[in-house]
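J.: Dropping the structure in here first, questions after.
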Amino acid sequence: MAELAAGGDQRAALLAAATLFPPPPDGARFSYGTAGFRAEGAAMGPAVCRAGVVAALRSAKLGGAAVGVVITASHNPVRDNGVKIVDADGGMLSQDWEPFADALANAPNPDALLQIVLQFAKDEDIKLGGSHSAQVLLARDTRPTGEYLLDVAVKGVNAVIGAVAVDMGILTTPQLHWMVRSKNKGLKSSETDYFSQVIDSFRCLLELVPKDKEADVINNRLIVDGANGIGGLKLEEIKAKISGLDIHVRNSGKGEGILNESCGADFVQKEKVVPLGFGPEDVGFRCASFDGDADRLVYFRIVSSSDTRIDLVDGDKILSLFVLFIREQLDIINGKDNKGNEVLPTRFGVIQTAYANGASTDFLKNIGLEVVFTPTGVKYLHKEALKYDIGIYFEANGHGTVLFSDHFVSQLESLTSEFSSKAAGSSQHQAAMRLLATSQLINQAVGDALSGMLLVEAVLQYKGWSFQNWCDLYTDLPSRQLKVKVQDRNSIVTTDAERRVCQPNGLQELIDGEISNYSHGRCFVRPSGTEDVVRVYAEASSEEAADCLAKRVAQHVERILG
């Protein structure tokens, strides 16, 4: 093979790694999605090794730019584990490479794996055998299988001659994304640098809170559910350095309970009940919840010590809070200049999926914002957000972020400098500094529960808002989700960001007919990305109506698709 600069050695290295971790003969097929590869931790060895190979080849393809591998299964039970590849921009693996990752993970034997790698390297013009440098940063969460699987990933990386594996330690998933992005931009990229940037930018935002907004309604006590995972541990490490907040961590990962078991953002958002680890002393206080690898964030308040129900603030309402804050700063800056032009013209994009609660979308539209919809999945939301000067997206589950384009940040820095020399301390100067600090605080690579939580706290203090003020932005419409088992989920074809059905013929008309029977009715169906079911989502003005609408539409799906 001409594409192998050190043919025999490279072949031998790949064959040896594949032989060490053969897939079980009856193993399930892997499919690389938003979550990467996931399964029971004990069965993940082969997929993790092969993901290491993919990451090393991706780095080689990109001229040696750092690529990341994180060992985590996020909000899944502790017995599970997984592997995700972080692309050089700090985002998710390029979708163009997902079929190759699938093919490699499912290669039945070492020879098949070798041939897949050789063909792909030839197609992508990747010179193997050490002529291209490659570097892969690796991290893991706190799962018991994590240490072993990280070692397996290192062996996969090392199977590509010339690739260097760097163990960054036990980290949150967003920390590794941040590190990869920062390293490739030539910025400081250690964990210490991450913490310094987050803490300093949060402190800056607190210093810019207007004196008249420093109201008594803001209690600085914040109770955080760490899901018994890495996010709780990291918060415990730095909470003493975070000014302006009295942080108490429950489910910190120091042995109080089991990872993600009856706690964490996924549990809180779906079950809408008090997580384990909270008691009567927490009633009425502002609470935040991370998921297992700290890339999701939701807030809640315990209503009563005699009731497990909570007041939930999900990703939709976090998005709404951030939108109000950012737009207010832009409005302050854009006091018209002498020519009637905007001082800082800004393309501000708000991105949601069909699963966003209709009340949140109505709220955003009613304050004059255009909402753009994408298909379900962070990779679609993130890609759309990148098109704007400021692009913000959140899923209801609490995963999301605010993206600032490099060009916009550069403009903002110049404007801040100009204000500093001509109008230091003016409202415009302070608003520009707030936006700059926000761009430093919120993770520019991926959703990050820790930095997102600090931005929430800074905005609440800026606005002088209590938790109740935040809750009162709007009232969520009741919703219901159902799954319908079908013979072939792919016989459903959707359009308009999965909000309408174009195949099979006639189904959308039936859905529209059902929706018309309910006040504030909304319903859509879409094929599941992971199992042979069709997912039904319905909203209406009451829980009973939402239930009825979902069931009626599910019956139509079942009748037509069997």
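Backbone N, Cα and C atoms are what each Cβ position is placed from, and that goes for glycine too.
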J.: Where Swiss-Prot shows ASP291, ASP293, ASP295 binding Mg(2+), which of SER74, SER94, SER491, SER516 is named for the same site?
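T.: Mg(2+) site check in Swiss-Prot: besides ASP291, ASP293, ASP295, the record includes SER74 out of SER74, SER94, SER491, SER516.
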J.: Determine the Cβ neighbour count for ARG535 (substrate binding site): the number of other Cβ atoms within 10 Å of its Cβ.
T.: 22
J.: Compared by Cα position, which of the binding-site residues SER74, ASP291, ASP293, ASP295 is the closest one to PRO527 (substrate binding site)?
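T.: Nearest by Cα distance to PRO527 (substrate binding site): SER74.
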J.: Out of PRO527, GLY529, which of the binding-site residues is least crowded by other Cβ atoms within 10 Å?
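T.: With the binding-site residues PRO527, GLY529, fewest surrounding Cβ atoms within 10 Å: GLY529.
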J.: Any idea what the Cα distance is from ASP295 (Mg(2+) binding site) over to ASN397 (substrate binding site), rounded to a whole Å?
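T.: Cα to Cα, ASP295 (Mg(2+) binding site) and ASN397 (substrate binding site) are separated by 10 Å.
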J.: Can you tell which of the binding-site residues (ASP291, ASP293, ASP295, GLU395) has the fewest other C-beta atoms within 10 angstroms of its C-beta?
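T.: The binding-site residues ASP291, ASP293, ASP295, GLU395 were compared, and GLU395 has the fewest Cβ atoms within 10 Å.
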J.: Where does ASP293 (Mg(2+) binding site) sit in the DSSP three-state scheme?
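T.: Reduced to three states, the DSSP call for ASP293 (Mg(2+) binding site) is coil.
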